[in-house]
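Below you'll find the structure, written out as C-alpha cells, and then a few comments.
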Amino acid sequence: MEFEEEKQTAKPVFDEEAASALAKELRATLSSAKTRSYQWRESQLKSLLKLTTSNEPAIVDALRSDLSKPELESQVYEISMLKNSCKLALKELRNWMKPEKAKTSLTTFPSSAEIVSEPLGVILIISAWNYPFLLSLDPVVGAIAAGNAVVLKPSELAPATSSLLAKLVGEYMDSSSIRVVEGAVAETSALLEQKWDKICYTGNGRVGRIVMTSAAKHLTPVLLELGGKSPVVVDSGINLQVATRRIIVGKWGCNNGQACISPDYIVTTKDFAPKLVDSLKCELENFYGKNPLESKDLSRIVNSNHFARLIKLLDEDKVSGKIVLGGERDKTNLRIAPTILLDVSRDSLIMNEEIFGPLLPILTVDRVEESFDLINSGTKPLAAYLFTNNKKLKEHFVRTVSAGGLVVNDTTIHLAVPSLPFGGVGESGMGAYHGKFSFDAFSHKKAVVYRGFAGDASVRYPPYTKGKLRLLKALIGGGILSIIRALFGWSKA
C-alpha cells in the first residue's frame, strides 16, 4: 500500500515522447495566432514582472540555498535586472512591433517597402546555474515580447531555483504557451531531439557544441551564451584603489567568480605588479575580512565537482607555488578564499581553461601594449577590460582586442546597459540579446514590398531586346544619366 502511494505521487517521466507532445501542444497554441497580439505579449510581460516583484523573498531564499548567494547580489544582479528588462520591454513593445520603413529603388518604382518582425515560433531556452533566476527568465522576456511560445529548461545544478521557477511560471504565466521542464541530462536530451524554431543556451562550450549539433539536425538557429577567459589589462598611472575595487567586485562580488563575464586573469607590467598585488590584498581584507572563508558576502562553490575542479587548478605543481594571497579552502562548506597567483606559467591548466571561480592569476609583461597580443593569441573572450588613463591605449584596445564586449576602467557593467547587445564572438558564443536585441534575437525580419498595378514596364518582359537590356542594366546599376542614355539609345549594351 505504501508503495502504491509513492507511485502515485512520483513525477511522470519526461522522455522523448513527452517532449514531442509538449512541442506539438505549443505549436497548436502558436497556430492559433494567440501569441502574436500586442495584448497577449503585454499581459505575459506584466505577469512576469508580477511573478518577480511578488516573490522576492522566495527568490532570494532559493539563490541562498543553491549558491549561498548574498542577498545584495541576488537583489541587484538577478531580481532588479530582470525587473528592468520587463519594464523596458513593456515601455518599448509597441515601437518594437511596428514595421520598419525601408527605402526602395528605381528598379522597383513605384513601390514601398518595410521590414516586419514576426515570431520565430517555439523557443527552447536552456539556462545556467550561476545566475539561475536571471539567466532563465531574461531570454524569456525577449521571446515573449517577440510573440513566441517558450519552453524553459532551468539548470538542475540550482535545484531550489529550478523548482521555484517551475512553480511560479505555472502559477503566473500562460501555460498554453510558456512551460518549464525540470530535470537533468535525460530531460535535456529529450528536448534537444525535438524541432524548435530557435534554441537559446547559456553555459559552457562543451555543452554548447552538443546543443549546436542537435540543432543542426533540424536546421534550427541557436543563440549561444558561452564564456571564456575574460582578461583585465591594468596600466600604471591610474587610481589604483578604485581600479582594484572594481576588479574585486567584478570577480568575487559576482557570485565569487562564478560568472561568465568575471575577470579570469590580469595582465600588467612587471614593474607595476607588486603595487597591484598589495592593493588587491588590502581591499580584499577590507571587503571580506581576515578570514574570508567565514564571510557572508561571498557565494560558495556550486557543488563538489566544481570545487574539485578548482582545487585541481590550484594544486597543480606549476601553480601551487605562485599563490601570493589566499588558497585556503573548506571542502565541507564548498568554500575557497579569494586567491591571487602571480606569474603563473602560461601552459598551466589554470591558464588554459575558463576558471569560473575565486582564483585570479596575474601575468606580467615588459610593456603594457604587449598584453593585447597575449589576449589575441587565445580564443576570443566574452568580455575584456582595460584600466588606463592613456587615450591612445584605450583606442588601441578597442581597435585590436576582439571580445563579446569591452569595458574601459571598470568591469562587468556593460551587462547593465540595455542599449548594448550582450553576446559572445567565436568560442565565447554567437548571437546577442538584452533590450531591443532580445526582441530581434527571437524575431524573423520579414522583407515586404508593396506595389500597385500602375507603372507596369514592358522592359522586363519577353521578347528580350538589346534596348531592353541597355535600359535594365542602367536601372539596376546606373544613375539618372545612364537611364537617360539608355532610353535614347546612346549607351552600348
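Glycine is treated like the rest: Cβ placed from N, Cα and C.
Per TrEMBL, the features are:
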| type | residues | note |
| --- | --- | --- |
| ACT_SITE | GLU225 | active site |
| ACT_SITE | CYS260 | active site |
| DOMAIN | 15-448 | domain 'Aldehyde dehydrogenase' |
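The CA atom of GLU225 (active site) is located 9 Å away from the CA atom of CYS260 (active site). Here the domain 'Aldehyde dehydrogenase' (15-448) returns a mean pLDDT of 97 for the predicted model. Ranking the active-site residues GLU225, CYS260 by other CB atoms within 10 A of the CB puts GLU225 at the bottom.
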